[in-house]
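Quick look at what TrEMBL lists:
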- Cys383: active site, nucleophile (ACT_SITE)
- His518: active site (ACT_SITE)
- Glu520: active site (ACT_SITE)
- Ser17, Lys190, Thr191, Lys192, Pro193, Thr194, Gln195, Lys226: UTP binding site (BINDING)
- Ser17, Asp150, Ile151, Glu152, Lys190, Thr191, Lys192, Pro193, Thr194, Gln195, Lys226: CTP binding site (BINDING)
- Asp75, Glu143: Mg(2+) binding site (BINDING)
- Gly356, Leu384, Gly385, Met386, Gln387, Glu407, Arg475: L-glutamine binding site (BINDING)
- 7-269: domain 'CTP synthase N-terminal' (DOMAIN)
- 305-529: domain 'Glutamine amidotransferase' (DOMAIN)
- 1-269: region 'Amidoligase domain' (REGION)
Amino acid sequence: MSNQETKYIFVTGGVLSSLGKGIAAASISTLLKNVGFKVSILKADPYINVDPGTMSPLEHGEVFVTDDGAETDLDLGHYERFLDENLTQANNFTTGRVYSAVIEKERRGDYLGKTIQVIPHIVDEIANRIKEAGKGKDILIVEIGGTVGDIEGLPFLEAIRSLKSEVGKRRAMNIHLTLVPFIKAAGELKTKPTQHSVQELRRIGITPDMLICRSEYPLPRELRNKLAFSCGVERNSVIECLDATTIYQVPLNFLKENILTPISEALDLGVLTPHMDDWDVLVKRVIAPRDELLIAFVGKYIDLKESYKSLTESLIHAGAHLNAKVKIRWVDSEVIEDKGCEDILSEVDGILVAGGFGERGVVGKMQAIRYAREHKIPYLGICLGMQLAMIEFARNVLHIEDANSAEFNPTCKNPIIYLIDSFMDASGQKQLRTFQSPLGGTMRLGGYACETKEGSLLRDVYAGEKTIRERHRHRYEANPAYREAFEKEGLIVSGESEGLIEAVELKGHPWFLGVQFHPEFTSRLTNPNKTILAFAKAALIQRQNG
Ligand code: GLN
């Protein structure tokens, strides 16, 4: 299909948030990709923040980083994990971004003195961004964040309404995700919230072509009929979506509901047969794995599992490929500070310290790292987890007692981890690609190449690849002034990126790796990240060797 023929699937949500619109959209994209279409997916977020980079993980969950360095909504992570494709800046935008762009154009005089209004200017900006993201694709799935009825969502809904009529028949469809609650006292599933939500959509000129109904119980035939009749959709377009054991089961469940038949009818796509055999095998292993292993996840946000979504998902991917359930023991590092490691870590098969910001809990994290180092338990340190492994080593092996990170003590005498204001290449000339954080300071964001050292664990983890590419989100760096001292005592630099220390590993330890990059961002169910997979495998071996 040429670009002229890009078809659109618009996904809106009703009744409640958190119904899994992102997973539903990603699941449809997976099915269509496995039919053979070129599919992409976009999240349009009506909130006002320009991007989620500055939003609290408490409120917004994880900030997902794309290869091109965008800090995006965590749904983009789901899209990549399902689609197994790299998405970009263009695949996520917010009201804040749309208004910034329009205001910038207005200041430049691009609108030739016209009065700037929500209709047409804001709506056109949204529609143009959607069209841009669909270029070169057969099908673009567009998820509208939030719930129908939100004030800030109106321009987005108007944009998809007008886009649908602009592209004409059989080129766009609307899917509405809704909740069919079970009311205990009545012993019944209820359709009214869905009816109201669809009415709200219709009021702004959108009639759904399909309903995806989240429900705790199967939808009886009469209820499906009622929903179809009252909401004006075809009977085969009422799709049931029950709670799944794993999110990766959702595409398979949709297939059982024959979701592709009404999609094909709406978009004139012909007979659709997706190849889901590999996916099916992996899902079976996620649900009923042969083996089991236990990883201690030592962090400070342990009650904030959503902010480590990519990491926990990447462990599920690794588990599916190893046919093992990767159990996580969430360990609050401040508890280690109080109680020590022994009781908490003596039985685990692997220890993980993930990325993070700020000083709270770092002492406990370093105690856990020391435990892994001394007891020869597989250790993976990601970003802050690598930086702390170096500080721990400097303090306890190199006996540099005041070794620290400039993040925690800006004036410390031995900044093992320090701040580079503007990242320079090795010659000190060229400024590397960085992003100015709105909160001040420079963040190194997105994908960078990393050279792996010959004969190293890292090289082995990446199956002999000399140059690898992973994503980043950090401000501080390992200080090369200490490199020689580290290497003399066995902590080897095994990865370098543009002259920066990118990975360290411990000689004589079965599996001890610290990486400055975030391997979890590139892990997909069908294509697990190699660092995460190798770490889980080392933990499984540890388990089997008892
Ligand atoms: N706080 C550290 C830094 O900014 C680590 C960041 C991270 O772990 N993502 O460099």
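Heads up, the Cβ atoms here are built off N, Cα and C, so glycines get one too.
Where the annotation comes from TrEMBL, it is an automatic prediction and has not been curated.
On its own chain, Cys383 (active site, nucleophile) has Ala354, Gly355, Gly356, His472, Arg473, His474, Val515, Gln516, Phe517, His518 as residues at least 6 apart in sequence with a Cβ closer than 8 Å to its own Cβ.
Close to ligand 1, meaning a Cβ under 6 Å from one of its atoms, is not one of the binding-site residues Ile151, Lys190, Thr191, Thr194, Gln195. The Cβ of Met386 (L-glutamine binding site) has 27 other Cβ atoms within 10 Å, all protein chains considered. Here Lys190 (UTP binding site) is positioned 28 angstrom away from Asp75 (Mg(2+) binding site), judged by their C-alpha atoms. Each of the binding-site residues Ser17, Gln195 was scored by the number of other CB atoms within 10 Å of its CB, and the largest score is that of Gln195. All protein chains shown were included, and the count of other CB atoms within 10 Å of the CB of Lys190 (UTP binding site) stands at 15.
Here the Cα atom of Thr194 (UTP binding site) is found 18 Å from that of Glu143 (Mg(2+) binding site).
Taking the centroid of the Cβ atoms of Gly356, Leu384, Gly385, Met386, Gln387, Glu407, Arg475 as the L-glutamine site, the other same-chain residues with Cβ within 8 Å of it are Gly355, Phe357, Cys383, Leu388, Ser405, Ile417, His474, Tyr476.
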